[in-house]
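What TrEMBL records for this protein:
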- Q159, S160, Q161, P286, Y287, G288, G289, M290, E291, R576, A577, K578: peptide binding site (BINDING)
- H315, H319, E338: Zn(2+) binding site (BINDING)
- E316: active site, proton acceptor (ACT_SITE)
- Y403: active site, proton donor (ACT_SITE)
- 482-620: domain 'Peptidase M1 leukotriene A4 hydrolase/aminopeptidase C-terminal' (DOMAIN)
Amino acid sequence: MFSVRIVLLPLFLTTLFFSGCRSGSTEADGGFQDAHSFANTDSVHIRHMDLTLNVDFEKRTLSGVVSLKIDNFKKARTLILDTRDLEIFKVEAEGENPQRHYSLGESGKGYMGLPLTIDLQAGDSIISVAYKTSPRAAALQWLAPEQTAGKKYPFLFSQSQAILARTWIPCQDTPGIRFTYTATVQVPRDLMALMSASNPQQKNKTGIYHFEMEQPIPSYLLALAVGDLRFRAFDERSGVYAEPEMIDKAAYEFADTPRMIKTAEKLYGPYRWGRYDILVLPPSFPYGGMENPRLTFATPTVITGDRSLVSLIAHELAHSWSGNLVTNATWNDVWLNEGFTTYFELRIMEALYGRDYEQMLEQIGYQDLLRTLEELGKDSPDSRLALNVDDRDPDEGLSLIAYEKGRSFLKMLETEFGRSRFDAFLKKYFDTYAFQSMDTERFTRYLRDNLIKHRRRVESQIHLRQWIYEPGLPENCPVPDSPEFRKVDEQRMAFLKGAAAGQLKVQGWTTHHWLHFLRALPANLTHSRMADLDKTFKLSASPNSEIAFAWFLQAINHNYSGALPYIERFLLHVGRAKFVVPLYAALNKQDAYKKFAREVYKKAREGYHPVTYSAVDRVLK
Ligand code: BES
Ligand code: ZN
């Protein structure tokens, strides 16, 4: 899901990589089955995980032992775990004759990996698996020193969502199961390790780091990063990690984090994870952000120097409630994570930066939603909130629908029932289901019981069923309006009527004004008009990744070749899929640029995370 809110995947692309997974998961009597997991979660649940890992930068492998404390509530004779590209050495239980027989099964689907079936004996409660990852593990990116800010040390990070945890840890890899974890990680002495857990704030001399996550989490929130890292505190419960070269900039950019946390707590209740820290990754990080608990992973491409892209932090922080606390039961229910989080994100942004700002974000999201619907086709099943990605890689079913249609649905409820009632409803929802998983049916029931209160007329008036189970957009979808963007529209009109770029009134424009200006440029602008914009506003050379990206797409679509050298530099430096994939797709659509796209990709590919290069491979294949 790279094409998130602000993105712009051309439509065929959107379909290509946002299509979803199979669900079939209900949690009746403790047992449930997720189409994206081989694990026999209908009879055994992992309760705690203990990891001991050695990080080998030379071989590009993690190796060690995972010990799983299991609750075998149906006295199953086997424990089935998810694995992908793992080498398994040994499986043991506790006690005498610890060795347990195991076998790796088969799977027709590469993204699913292979089931590891372990024979259990009566009373087995801890199972340990000794294993090693592949250098090509899809969750992991091993960076050479040149790919870091400091250029001196290598770097490693993981990305487990949606179903990549199994490429670095054998586990029940489904969001429907949660467990606590502890870990001991050995890294080269000049590096520091961080996880989605309690973290060090300084390097130690041994290179051995201990971690503890005392709240139960699903597997997709397991995370690890290793690099030459520094920490800077914002206040007593939050701070930021980055390479030494980036730490000042990162600390400045995200300085509002403590206020964001307080604002979020005021809205929907206490932050329940202890610390909230941010880790700024190298530019090859494939996402904008990832809500790893206690430690949000963030792309450096939101560090602009003017704090204009910090809604990303509001978003990842909001996941501490919507997603990490109340978790989508399967990837068919991903709108319960992303739609709620996008709604919550904008509430934080409104409270902190005002309604004008929030309306710009809303408008951009709404435009993304309309574009996504157009690309998917309005009857596409992938435009439903209740997805069915059972037979696909979950990343393929995911689109901005989960984010923006999900957000619009909640905004509609807010409008219908009033903000204070809706807020009380959401707060109670997070409290009631804290540390549990939630599927679409269960949420719908909760909504009927607690907000709609079984008033039939209300239910049909708000088109409840249509919103959740049908494709397209119901007629009562809120249409946002942004006074700020109307000013931008005026300037764009003036330009289209012939005013020179230099005559436009752009004083005080923020990143979002520019995005709105650029995204709505018409297809028929001539080369010289494009050049006028570029020369006047230095768009090709913009250090702001969002502005550069919006401009590059226009440049490509208008055959404005002046931007090509900048596009090449961008693609060689940045690996964020939301930018990279649409750029290659746009280049590939123009006969004149097909060769250029391939040449750049040949050089850039090895610098991308597996998530990014797999998606680009599909586009350029
Ligand atoms: N959890 C997502 C990232 C994700 C989703 C990874 C699905 C893998 C599968 C994260 O919270 C997210 O939505 N990131 C967005 C940020 C945004 C909408 C502010 C991104 O990366 O662009
Ligand atoms: Zn998200």
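Note: Cβ is positioned from N, Cα and C throughout, glycine not excepted.
Unlike curated entries, TrEMBL annotations are predicted automatically.
Positions of TrEMBL features highlighted on the structure.
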residue	record	contacts (Cβ under 8 Å, 6+ apart)
Q159	peptide binding site	A139, Q141, A223, F285, P286, Y287, M290, F297, H609, V611
Q161	peptide binding site	Y220, L221, M290
G289	peptide binding site	T296, F297, A298, T299, V302, L312, I313, H315, E316
E291	peptide binding site	L221, E316, L317, H319, S320, G323, N324, T341
Farthest-apart CA atoms of Q159, S160, Q161, P286, Y287, G288, G289, M290, E291, R576, A577, K578, residues recorded for peptide, distance in Å: 17
Summary of DSSP states over the domain 'Peptidase M1 leukotriene A4 hydrolase/aminopeptidase C-terminal' (482-620), given as helix, strand and coil counts: 104 helix, 0 strand, 35 coil
Y403 (active site, proton donor) to A577 (peptide binding site) - Cα separation in whole Å: 17
For E316 (active site, proton acceptor), the three-state class that DSSP assigns: helix
Beyond the site residues H315, H319, E338: chain residues whose C-beta lies within 8 Å of the centroid, for Zn(2+): E291, E316, A318, S322, G323, N337, F340, T341, T342, F344, E345, Y403
In three-state DSSP terms, the structure that the residue listed as 'active site, proton donor' belongs to: helix
The residue listed as 'active site, proton donor': tally of other CB atoms within 10 A of its CB: 30
Helix, strand or coil at E291 (peptide binding site) [DSSP, three-state]: coil
Those recorded positions in Y287, E316, Y403 whose CB falls under 6 A of ligand 2, listed in sequence order: none
Cβ under 6 Å from ligand 1: qualifying binding-site residues of Q159, G289, H315, A577: G289, H315
Number of other Cβ atoms within 10 Å of the Cβ of Y287 (peptide binding site) across all protein chains: 24
